[in-house]
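Chemist: Dumping what TrEMBL says about this protein:
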type     : residues : note
TRANSMEM : 6-27     : transmembrane segment
DOMAIN   : 68-118   : domain 'Protein kinase'
BINDING  : 97       : ATP binding site
């Protein structure tokens, strides 16, 4: 009887460890997404710079848009809002399109639109 109870305890402990491990993986992946970089192709006439990419961290994008301030909204679409932003200490004015997670359109259509606009 003691051996049977000990076996059930191991199953429960193993299950708890598996759940904790899965939760840790999910939190890790969410943090990776939060800190992900957005790359924008450089549009320059020089062929050596055509393959370069300018990357912006989420912190830079939040800073450029004053943390996505509604006063900086310059447009809305099926994917979400478009914000006016200032990059490089105000040297460059940019439009930053933020995908709304509740949008009925998917990420694939979002990236297609971004590529078309670029």
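Cβ coordinates come from backbone N, Cα and C, glycine included.
On this model, are these features tucked inside or out on the surface, and what's nearby?
Modeler: Under DSSP, the residues of the domain 'Protein kinase' (68-118) split into helix, strand and coil as follows: 14 helix, 17 strand, 20 coil.
Neighbour count (other Cβ atoms within 10 Å of the Cβ, all protein chains): 15 for residue 97 (ATP binding site).
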Chemist: Within the same chain, where does the transmembrane segment (6-27) have neighbours whose Cβ lies under 8 angstroms from its own Cβ atoms, ignoring anything closer than 6 residues to its ends? I mean 6 or more beyond.
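Modeler: Here no positions qualify.
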